[in-house]
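Some notes on the structure that comes next.
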């Protein structure tokens, strides 16, 4: 280990920054956040330093480097664009046994600055030992996505509860299970963020007083249309916290690779006209796992409330008294159209968009007359097998045969394939495509040649 990671208490302690530019400003923000009594020494200062000085937040010393400013310091940072001057600052600090950071010169520094994730009082520091700051930043960004924004407030609140929790729960195991429940409780985190004292008290009392083997909960999470990068931040956090993940075939392998490693995975994939697992059985799986006290994520492709039968699953849980929540996802219409260069609405071509299921069951006739109207975009989910019928009905009710259409297969994935043509060709085009596919019909499809960015990548 080349560097010892430590967290310094700098509140009301003298610190010095030599330099008055943008880099020095970034370092100054960190020291001010830590409560340091800060002096900045430079020949000139960018406006932000002047504003801080006018607000009484720091002291500016304009002029050449003054070594005597180090005499009362606990910590120093050399942040100029003059390597020789930075070296002088480092040597002067070393002579006084003061830790000194030298920007972009780790070998000349007695300490280095890590990438920081601030969820105070929870702090996470990531460092590559100065060898690869970009790598450290990338790792920080990944960790940022895993830590809820309000986690720090929950941590502070947990400190206030420690005494009561120790009295309430006799064993270490019971206390650990309580804290695990508290730290993943979204309602408590949101209540703390909003300073909603009534909700904070109610949620806390519920968590403390309910039996530790109490029923679990189910979180309905939209996985998005395929590209793992389109999974929402909250969706990622939920699958990282799950005990059980119940997922369907539209959830990509890349997204499943993000699931917590020791979580149980239950595949309930479905295909049009054939259900690998009946919907009622899926409902019962969710109910059964939650009743065991587990945190269950029902992971669905796209958005769970758009042709995802999410409402049916939640009704079952609601009737059984199982707590649940919903994390929306990017629906296939949004993802596939964006990755195909097809805007769903456009000032000149479409003032509305309709999302329609292509499962045209007997006795469930669609309002074809309204669907055939101009100035709108139609998006058919699961419509591949009914493409010929869709073509026939729309033309029958007055839609022009030359209306542009597109079919998007495996939308947003690296294997995405798009084929376009006119409405008179729709049935024929569909025979060239495989599921999962989305059908887009409307004048906006004509913009694809100009706006198609994804195929160029």
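Every residue gets a Cβ built from N, Cα and C, even glycine.
Annotation comment: Swiss-Prot describes 248 as active site, proton acceptor. Positions annotated as active site, proton donor by Swiss-Prot: 270. The annotation NAD(+) binding site is assigned in Swiss-Prot to 22, 23, 43, 44 on the grounds of sequence analysis. Annotated S-adenosyl-L-methionine binding site per Swiss-Prot: 225, 301, 302, 303, 306, 331, 332, 382, 411, in sequence order, evidence recorded as sequence analysis. The region 'Uroporphyrinogen-III C-methyltransferase' annotation in Swiss-Prot covers 216-457, and the record cites sequence analysis as its basis.
Positions of Swiss-Prot features highlighted on the structure.
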residue: 22; record: NAD(+) binding site; DSSP (3 states): helix
residue: 43; record: NAD(+) binding site; DSSP (3 states): coil
residue: 225; record: S-adenosyl-L-methionine binding site; DSSP (3 states): coil
residue: 248; record: active site, proton acceptor; DSSP (3 states): coil
residue: 302; record: S-adenosyl-L-methionine binding site; DSSP (3 states): strand
residue: 332; record: S-adenosyl-L-methionine binding site; DSSP (3 states): helix
residue: 411; record: S-adenosyl-L-methionine binding site; DSSP (3 states): coil
Using C-alpha atoms only, work out the spacing between residue 22 (NAD(+) binding site) and residue 225 (S-adenosyl-L-methionine binding site) and round it to an integer in Å.
40
Given the binding-site residues 23, 44, 306, 332, and counting only Cβ atoms in the protein chains shown, which has the most within 10 Å of its Cβ?
332
Which Cβ among the recorded positions (22, 248) has the fewest C-beta neighbours inside 10 Å?
22
Give me the mean pLDDT over the region 'Uroporphyrinogen-III C-methyltransferase' (216-457), rounded to a whole number.
92
Which one is it: of the binding-site residues 225, 411, which Cβ has the fewest other Cβ atoms within 10 Å in this structure?
411
Local Cβ density at residue 302 (S-adenosyl-L-methionine binding site) - other Cβ atoms counted within 10 Å:
29
So of all those binding-site residues, 23, 43, 44, which one's Cα sits nearest to residue 302 (S-adenosyl-L-methionine binding site)?
23
Under 8 Å Cβ to Cβ from residue 43 (NAD(+) binding site), same chain, six or more residues apart: give me those in sequence order, or none if nothing qualifies.
20, 62, 63, 64
Do you know offhand how many angstrom separate residue 411 (S-adenosyl-L-methionine binding site) and the residue listed as 'active site, proton acceptor' by C-alpha?
16
Provide, as an integer number of angstrom, the distance between the C-alpha atoms of the residue listed as 'active site, proton acceptor' and residue 23 (NAD(+) binding site).
48
